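Feature list (source: Swiss-Prot):
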BINDING   D80, D82, D84  Mg(2+) binding site
BINDING   C81, C97, C104  Zn(2+) binding site
Amino acid sequence: MALDPEIASRLKRNADGLFTAVAQERGTGQVLMVAWMDDIALDRTMRTRNATYWSRSRGEHWVKGETSGHTQHVHSVRLDCDGDTVLLEVEQTGPACHTGTHTCFDADVLLAPEA
């Protein structure tokens, strides 16, 4: 299968054919993680509703939770106004981060919220 041509024509990819994917938790709106996708990963994600990403380090596609069981069921996919980022609204099972935390954005606060 191939990504719907109407969707593919709206995507802006980097030199490697990749674009940013943000996984956001359904219900809370919490940002869980950021990863890379290509057209194949987005097509697979949309067909299966299982979040599929591109690993730059391994040079291959991976389905979130395929080995760990920490899956992301995708409820919706949105394209941002520039066409270079997709937002996945997901139901997360287990931790989203490879470190074992719920989100990849809970460990290192660079600027604390104002009081």
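Each residue's number is its place along the chain shown, starting with 1.
Here the Cβ of each residue, glycine as well, is placed from N, Cα and C on the backbone.
These figures come from a predicted structure and were not determined experimentally.
When the binding-site residues C81, C97, C104 are scored by other C-beta atoms within 10 Å, C104 scores highest. Comparing Cβ neighbour counts within 10 Å across the binding-site residues D80, D82, D84, the minimum falls on D82. When the alpha carbons of D80 (Mg(2+) binding site) and C104 (Zn(2+) binding site) are compared, the span between them is 21 angstrom.
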